[in-house]
Amino acid sequence: MKKLRLIAGVLVLGLGAAACGGAKVDDNSSAAPSANASAGAAAAGSAGTVKMAINAWVGYEASAAVVDYLLENELHYKVEKVTLNEEPSWQGMESGDVDVVLENWGHDDLKKKYIEEKGVAVEAGPNGNNGVIGWYVPEWMVQKYPDITDYKNLNKYADLFKTSESDGKGQLLDGDPSFVTNDEALVKNLKLDYKVVYAGSEAALIKAAEQATDQQKPLLMYFYEPQWLFSKLKLVKINLPPYTAGCDADPKKVACDYPAYPLDKIVSKKFADAGGPAYELVKNFKWTNDDQNKVADDITNNGLSDEAAAKKWVEANPTIWQAWIPK
Amino acid sequence: MVAAPADIAPPVPVAERAQRLARWLPAAGAVLVVALYVAFKNTAVLPHDDDASLFHWLNDARDWVDENRNTSPFFLYFVNYVRLGVAELFTLFQTALTALGWPGLIGVAAGLGWLAGGWRIALVSVVGFAGIGALGLWDASVDTLALTLSSVLLSLVIGIPIGILTGRSPRVRRIVSPVLDVMQIMPTFSYLSPIVLLFLIGPASATIATMIYAIPPAIRITALAIQRVPPTAVEASESLGATGGQTLRKVRLPMALNTITLGVNQTIAAALSMVPLVALIAAPGLGVDLIRALARVNVGAALVPGIAIVIIAIVLDRITRSAAVSRARSSAVRWAGFAVAIVAGLALTPVLAPEFPEQWQIQIIRPINDVVGWIEANWYGFTGFLNDTVAYGLLNPLQDVLTSAPWWLITIAVLGFAWRFSGLRAGLVAAGCLVAIAALSLWEHGMETLTIVLVASVITIAVGLALGIAAARSRWFAAVLRPILDAAQTMPSFSYLLPAVALFGNGRFTAIIASLIYAVPVVARLVEDGVRAVPGTVVEAARSAGSTDRQLLWKVQLPMAKSSLLLAANQGIVMTLAMVVIGALVGAGALGYDVVAGIAQQEDYGKGLAAGVALVLLGVMLDRITQGASGRPNSKKKRIA
């Protein structure tokens, strides 16, 4: 009975917090950075809370680690990391669960929906990283089968890429189902005798690439830059029909290569409007693929925690990050 | 079921002839199915089409919801308030638990433990929660605890009244019972998409998803408790002139209280096993660490949050379990101890550091990963061989058959099989589910999932059977096995993916191995209990009649334990389905992948939603086929082939 009263009280509180004209999704009080600062009792003297989406590849984590480190140690914010896939991160800007996406890969459809139509997100400029997506084979395969880099010859070699999971066709290994990919449409529209098989994660792709290189096993996989792995082993990109503006407009009819992705930052409208040093820092954040790869490599291969890797980079590159700190 | 017309005047008696017919019927049916398969192979196969109009329609529905979320009255005045209220509830718990600080929270746990079961339980609570801190996962654990508590609270607030109604009215029971059946069969994965559509991502959705998973035990056990209140007590109360409400408050509820507390215990256990999965829809907590470990293929990093969840589960289990057992101790002593523990904890909070001290944390990730790395490097040939054997020897041939057979043939075969095994009604439901999967445009993916589930179930049941029998026959083996199985059962299903991935790479076999670890404990336990339940006198009699151990097992113990064995099979299959679906996160594909993609990619939303429904249908179908076994009240008879 007591519990009943408690929940009734909670509901009344909730109702009271909202305007009497019904509740809109962004009325959630915890969405406001200021309200959250008081909730986090541990963060005494904190300048506020920044909710940062963390997408599941280590390059993103590297960027997030450095921005997190600077926000906490230089600007004294509390950073809440929200581990999410790319598209739900955008939804998080609507629901108030996400303030910042640090590495956005294109997503023009989402920009249209959440920036133009709903007005819950805004762009915060490029982060300096240049994204490439494509199909790759280990270098030894190119030496053995020189013409394999042309997509037109892929059917000739399909037998090489057969696995137990590929239904008797060649296997095209993709990553996490949430990554940006046109691969199923590409296979279909380019009439390739391949099946897209999802490895499930970036780490699984990397493991496959390492095995394919060490044991000379054939492998065709979806991969991308910036990526620390390219400093450890050689992968060669397959040439797909060149990208032309608009050729990927209909996701089901794509028959061309991926575009170049100048990666950019997206922040929630609320976060941008609130302004403040945190927003300024996110807006100013800009570094190179090499910077990101260095931090990502430390996190993945040198056993450093995100925080330690960020600290190492920050201490080594003061001139770069000092330019991001708002005056 | 087939009675020969009497006027033929058969040379053999009617009953005998019918019996012979009944014996041949399944074989004849099987031959017929094979013949039809050969004749109609590759016709009416329903290949997968990503462009099915149903998916587009569902996408449009999603877009409508998205556009009207802030204008439609249904959302403005109902859905959004629910979301807001639930989010507030979660925030309340989270803020309160965080504000306690770690010494305070340990103190509260110790106090509750003392209150419920004396110093032993208090000690378990202190050691357990301190252990979580030592694993370095304090903050995430507090989030998980807040999520668990808020969803358990909601489950109880909604579940107990429904349970009381269900316990008192047979009519309500007839409606509620099948709904609960379906809720418990539903793979947890399948209802994330619709919840996200209504309530967006975030803790509110996560709490509601967890609640859906945790509420059936709350309802069922409350109903059971109310039903078990002796009618004489109720009559006595009524004859003394008590009103219905008075009887409920003063007689029924107090008498049912201990059983209901057990229901709370079960609800908490269910909530905790769901909590890691909701990290997929942006819930904070230990699930986040699990998902990150999965993305990095880091076995050690996945095991640690798994252990933390096991610890939380053990502490909450012991507290609620001992609260359910009434005992005699002066209440002054109990409350005094409770107060002392809490005050001590709270007093220490400002003194000690707000964060759990780092030097008290122990590092276990690296040693675990070293072991895994060694196995990976040295067993590669063996694991690769296993994977390929199962894939080429079992999975691919079976999948070929299921995807190349006409859909009507599979439906008829399932109908016949389920009819024979569990009765006509079960057969019709099972066949209906298959037709519905076809109508959802997900036939091919459904058959692929079914393939994995069938292979995984066979392996799971075989291993569970072997372990269960061994445990039933050797006390020593049982004593070793039991704690291992206990731990395996409490670990979040999610954390089994990782060791499987590390050993076998990504693919269907990995999902099979994970479901093996997940479901074998339950199967083995049911088998063991069933075999042990065979009366000692019967075993003695068989032995004195000179049967060998082998004969004793095959001719006496197993046949007599048949109903437990079949229940084990039923449970094994349903659990396997749930795990195989989660296996999509590591490349097992099919329906599970559709659901994952539906959450992750806009244009796949409709497909994901439909796949969620298809999974529920598949679960109901598998359950109905094996339900002749389960001895549920709604299965007519235990009629077994």
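Cβ atoms here come from the backbone N, Cα and C positions, even for glycine.
It should be emphasised that the depicted structure is a prediction, and the values quoted were computed from it without experimental measurement.
Sequence annotations record features per position, and here TrEMBL assigns transmembrane segment to B:21-40 (among others).
The transmembrane segment annotation in TrEMBL covers B:121-138 (among others).
Sequence annotations record features per position, and here TrEMBL assigns domain 'ABC transmembrane type-1' to B:141-320 (among others).
Look at TrEMBL and you will find B:145-164 (among others) tagged as transmembrane segment.
Annotated transmembrane segment per TrEMBL: B:191-215 (among others), in sequence order. Among residues of the same chain six or more beyond the transmembrane segment (B:191-215), those with a C-beta under 8 A of the stretch's C-beta atoms are 62, 65, 79, 82-84, 86-87, 89-91, 147-148, 150-152, 154-155, 158-159, 183, 267-268, 270-271, 273-275, 277-284, 595, 598-599, 605, 608-609, 612.
Residues or ranges marked as transmembrane segment in TrEMBL: B:256-282 (among others).
The annotation transmembrane segment is assigned in TrEMBL to B:302-320 (among others).
The feature transmembrane segment is assigned by TrEMBL to B:332-353 (among others).
Same-chain neighbours of the transmembrane segment (B:426-443): 45-46, 48-49, 52, 54-55, 407, 410-412, 414-420, 591, 594, 607, 610-611, 613-614, 617-618, 620-621, 624-625, 627-628, 635, counting only residues six or more beyond its ends whose CB sits under 8 Å from a CB of the stretch. Annotation comment: TrEMBL describes B:426-443 (among others) as transmembrane segment.
For B:446-626 (among others), the entry in TrEMBL reads domain 'ABC transmembrane type-1'.
Residues annotated as transmembrane segment in TrEMBL: B:449-472 (among others).
For B:509-527 (among others), the entry in TrEMBL reads transmembrane segment. If you look at the transmembrane segment (B:509-527), the same-chain residues 6 or more away from its ends with a CB under 8 A from one of its CBs are 386-387, 390-391, 395, 452, 455-456, 459-461, 463-465, 467-469, 471-472, 481, 485-486, 488-489, 493, 496-497, 499-501, 503, 561, 564-565, 567-569, 571-572, 575-576, 578-580, 582-584, 586-588, 592.
Residues or ranges marked as transmembrane segment by TrEMBL: B:565-593 (among others).
Marked as transmembrane segment by TrEMBL: B:605-622 (among others). Among residues of the same chain six or more beyond the transmembrane segment (B:605-622), those with a C-beta under 8 A of the stretch's C-beta atoms are 50, 52, 54-59, 61-62, 182, 185-187, 189-194, 197, 414, 429-430, 433-434, 436-437, 440-442, 445-446, 449-450, 453, 573-574, 577-578, 581, 591-592, 594-599.
Counting only same-chain residues 6+ beyond the ends of the transmembrane segment (B:302-320), those with a CB under 8 A from a CB of the stretch are 109, 112-113, 116-117, 121, 124-125, 128-129, 131-132, 135-137, 140-141, 144-145, 148, 261-262, 264-265, 268-269, 272, 275-276, 286-287, 289-290, 293-294, 364-365, 368, 487, 490-492, 494-495, 497-499. Beyond the ends of the transmembrane segment (B:565-593), by six or more residues, the same chain brings 185, 187-190, 277, 294, 442, 445-446, 448-449, 452-453, 456-457, 460-461, 464-465, 468, 493-494, 496-497, 500-501, 506-508, 510-512, 514-515, 518-520, 522-523, 526-527, 530, 558, 611, 614-615, 618-619, 622-623, 626-631, 638, 640 to within a C-beta distance below 8 angstroms of the stretch.
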